[in-house]
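As structure tokens, the structure follows; a few thoughts come after it.
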Amino acid sequence: ERIRELECILAEKDEEIEELKAKLDKFQSIFPTATQQRHLGTFGAGMPRTQRAQGISAEPNLVIGDPSLAQVRTYAKSEKTKTLIRQAILENDFMKHLEDCQIEEIVDCMYPVEYSNGSCIIKEGDVGSLVYVLEDGKVAVTKAGAHLCNMGEGKVFGELAILYNCTRTATVKATTNVRLWAIDRHCFQAIMMRTGLLKHTEYLEFLTSVPTFSKLDEDLLRRIVDVMEECHFEYGDYIIRQGAIGDTFYIISKGNVQVTKRKSASSEPVVIRKLAKGDWFGERALQGEDMRTANVVVDDTEGVTCLVIDRQSFTQLIGDLDSVKQKKYDEVPVQNSKSDGFYVGLTLEDFTAIDTLGVGGFGRVELVELKNDITKTYAMKVLKKRHIVDTRQQEHIKNEKAIMMECQSDFIVKMYRTFRDTKYIYMLLECCLGGELWTVLRDKGHFDDSAARFYTGCVVEAFTYMHSRGIIYRDLKPENLLLDTRGYAKLVDFGFAKRIGFSRKTWTFCGTPEYVAPEIILNKGHDLSADYWSLGILMYELMTGSPPFSGSDPMKTYNQILKGIDMIEFPKKISKNAQSLIRKLCRDNPSERLGNQRNGIKDIQKHKWFDGFHWVGLRKGSMSPPIKPQVSSSSDSSNFDKFPEDEEEPPPDDLSGWDVDF
Ligand SMILES: *[C@@H]1O[C@H](CO)[C@@H](O)[C@H](O)[C@H]1NC(C)=O
Ligand SMILES: *[C@@H]1O[C@H](CO)[C@@H](O)[C@H](O)[C@H]1NC(C)=O
């Protein structure tokens, strides 16, 4: 009787919930919610994007050799406190991904802070640089005036601020007296970068001490370092066993081992050698399956740590050892930006602005025509110098100019020359009147398989060109692809592009939240392979209208990215082959990513999703594009959104002379 009664009540409640849900949907379609309003530019999971995404970048990073890398200040604390902080970090969605040694250093470097009941620890909208661990007391979190949650001891908050200079996305107030531990971005990044660099340098030293590797090119060695993994073994463990077959090569980085061998099947093994730090064994495994001829047994009560390379990842990333020994990575010579004589003689006064093609925090992009030949139109990107200096983007802007002037590809927007005055930097660019791919995607909702393949193909061509010159792009997204009058896509906006060579890593956090690779979020150092990650994200967004990882604020997006592509359920709109390619591009481990292996970007072109794709036709421009833009004349800007005209003039800024090259 009672059960039936309860079931009735349950059914009524279910019905009520359904009704309320329907009402809620109706309201939400009319009124944007408070969070949607506050976070224009970000968007909820699965929601189509209605705002252009903003790229972000950390301040120019510490450079190798910076003294602040070597010395981070530590603060004494009790074991109990250390355990609490460590535990808090391990429970935090972002920080738990850090390596043990990094967590230990962070624990040591955190310093004490106290707030009294009622005071504001973090204020929404303020610029922040500290992350906190709550040791004692309680806090309340609010966003746009609405209460979100309460937090007690052992919780981490404010972690976005250690990634880059950003405004706080919520307010945190003390509701009792509280004791906290804090660390700032500078210190955090010094720890992350130093541990990464130290490890890299250490691995490199170990590698060069092995004769098999000692003669190899340094670029190649750096790539091998990327496939090395650390393994720990306990006292008495057999690392390898006589008579077994194996695919792995070992270098001892800590501890001692014994090499033992039995003379015949029935005899006891005898110790034939001892090996210590820097010694190696199992090297034949890199050439082919190795029949182990001895045992290697841990002979150290502390255990042994080895750096391990397995043949499969080695051959995938590098190739087979013999051919590798012959190989040299040639630097592609830097082309001098040969400015076309025609543009050298021009001044700003030779152009008239006809319309605005884009507006952003940086400034604006104008469609301009040449006064004495109005058939010649260009896109003039006008950047506020004040803004560049305030956001410390001088280096990025200089890179942008150097790289764009050098690039001569049909899949990259051309830059003809730059100008400057007291308030602005000007970049004279090829204009692409087909509009932004982003606008087209927004209006269509999503692309079908073959359209997505065409645009992805254009990006692959642009990356082939840049990567063969050791240039990383770092800001792929539909906003940065323009359609020319034919309907071909071209990359634009090289603010985050950088020449890094073929085996070097770079450390500055930059990109657009939905598109950054996990190693960028984790500050591990990233290379050309970060572009392949973003290519996978782009494919997904082109085919569905929204990127796979996207939270209501950047930190939520990053935490989703760190969980990985395997957590994402692909909608039916994405074909099986496309799905397979996306998953291969979005591997957490950069050395497993398609595009970053021994055949390079060719592996992407050869993937079955591209079977039958007319690469030559794409390069020659003979392939017909999926959408042919309507462009009536060289001054037709109708494919761009309308932007307001006036804008406050920025104050002049030409004090430091950083802009002399423009
Ligand atoms: C962070 O950004 C704000 C505003 O963009 C700027 O005023 C501040 O100086 C920056 N801080 C750092 C440490 O770069
Ligand atoms: C903190 O302050 C609030 C409001 O002033 C008060 O209601 C509350 O009791 C205080 N809590 C403690 C633990 O002192």
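Numbers run from 1 along the shown chain.
Glycine is no exception: its Cβ is also placed from the backbone N, Cα and C atoms.
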Considering the ATP binding residues Leu357, Gly358, Val359, Gly360, Gly361, Phe362, Gly363, Arg364, Val365 given in TrEMBL, which of Lys371, Lys376, Lys381 is annotated for that site as well?
Lys381
Of the ranges 3-30, 283-310, 479-506, which one does TrEMBL list as coiled coil?
3-30
If the ATP site is taken as the center of the Cβ atoms of Leu357, Gly358, Val359, Gly360, Gly361, Phe362, Gly363, Arg364, Val365, Lys381, which further residues of that chain fall within 8 Å of it by their Cβ?
Val382, Leu383
Within the same chain, the residues at least 6 apart in sequence whose Cβ is under 8 angstroms from that of Asp475 (active site, proton acceptor) are Gly55, Asp493, Gly495, Phe496, Ala497, Cys510, Gly511, Thr512, Tyr515
Smallest number of other CB atoms within 10 Å: among the binding-site residues Leu357, Val359, Val365, that is Val359
Taking Gly361, Gly363 as the binding-site residues to compare, which has the smallest set of other Cβ atoms within 10 Å?
Gly361
The mean pLDDT across the domain 'Cyclic nucleotide-binding' (212-335) is 85
